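Enquirer: Sharing a structure, written as structure tokens. Questions coming.
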Amino acid sequence: MNVCSNTTKDPLTLMAMWGSMKGYNPEQGFSFEGPEKRLEVILRCTLETHVDGLRSLDDSVWSGVVGSLNAQIVSRESNEYINSYVLTESSLFVMKNRIILITCGTTTLLNSIPNILEAISAVRGELEWVSFMHKNYSFPWMQKGPHTSLADEFATLKQHFPTGKPYIFGPVDSDHYFLFCYDDIIRPCSSEDDTQLSMTMYGLDKEQTKHWFSDRFISTSAETAAIRAATHLDRVVDGTWTLHDLQFEPCGYSINAIRDEEYQTMHITPEDHCSFASYETNSRAANYSDRMKKVLGVFRPQRFTVIVFLDPESPVGKAYNEGKGIGVEPEYYPEYNLLHRTTNEFAPGYVAMKINYVRTAAVEETDTAVGGAEPGAEGGPD
């Protein structure tokens, strides 16, 4: 899963790729890009759409989708609502009316779009919503086209979805997200109750990361259960979830979990110089603090970014629109300082919120972590 580079890049070139200069070290031989690219495509079901939608397609279709971005399917689980796939680089979830594809490293996620559109056509669905997003790359100079620059990513997306709109959440020279949305939802619709919680964490506790190194590849077994118990991952993904996980060789770990219509996924890069973990779920709750505290308890990061998407009819969306706390606010995390917060409303009641936190003890120190945010005073809403 590791890549290496000894190419010298000047600051302007790196900024053109909208990464941070903090992580660039030409003497560092191996650095894995933990922050993922994420693509979600939702179809509108019509009278002509296959009754099982996208889940009617066999695994060979999804192997083709994943192969087009230079990854492979490693394991699979399913329930009544979701097909879950752990990949060589992160995860794929397939539901009746949507695909969620999350890939790390130097995968070329946008190259999968033609295959995905073919899959939608095969089940006679209509394209309703597309979102592509990723946090700023830790090692942008290692990416492959069309991900070598923001301009190339944007041009590729506009080619496929001409009416889509781009957004940037956060300071361009540190922790931020690029988001592109295509919206063809016919409103008012019957229900808009989706939700998404994503966390990216840097500077992980070394007492935890030591568990995610191995001299061999280990798939879901008593051995991976022991890893989950030792790291307290089993407090995040408990026995009510159907899970499949992978311990990579020489290091790295991925887990997917599904329960009815909900999913959780985590991916871990444990190397000291680029330690990183990501977490995502669509689990329904009116307040995320309990879940986020469990995740932070596993990784104990020096800093983290949380991004939340709230549909108006979701439990957390209703709480937000009623002026209640939703569990991402700084009062829930006294050991961290809020550095920056961005909120955007895409459509009536549909909100995206991104918040950067840094551990309190590290605020006055120089942050040397890969792709690091500038330490500083607490920020407020934009």
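From the backbone N, Cα and C atoms, a Cβ is placed for every residue, glycine too.
This is the feature table in Swiss-Prot:
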- GLU33: active site (ACT_SITE)
- GLU36: active site (ACT_SITE)
- SER90: active site, schiff-base intermediate with substrate (ACT_SITE)
- PHE32, LEU87, PHE248, GLU271: substrate binding site (BINDING)
- SER90: pyruvic acid (Ser) (MOD_RES)
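In the displayed structure, how are the listed features positioned relative to their neighbours?
Expert: In the three-state DSSP classification, GLU36 (active site) falls within coil.
The C-beta environment of SER90 (active site, schiff-base intermediate with substrate), restricted to residues of the same chain at least 6 apart in sequence and closer than 8 Å, consists of GLU36, ALA71, ILE102, THR103, CYS104, THR107, SER254, THR265, HIS267.
Sequence-distant contacts (6 or more apart, same chain, Cβ under 8 Å) of LEU87 (substrate binding site) comprise VAL66, ALA71, GLN72, ILE73, VAL74, THR103, SER254.
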Enquirer: For the recorded positions GLU36, GLU271, work out the Cβ neighbour count at 10 Å and name the residue with the minimum.
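Expert: Checked GLU36, GLU271; of these recorded positions, fewest Cβ neighbours within 10 Å: GLU271.
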Enquirer: For SER90 (active site, schiff-base intermediate with substrate), what is the secondary structure by DSSP, using just helix, strand and coil?
Expert: strand
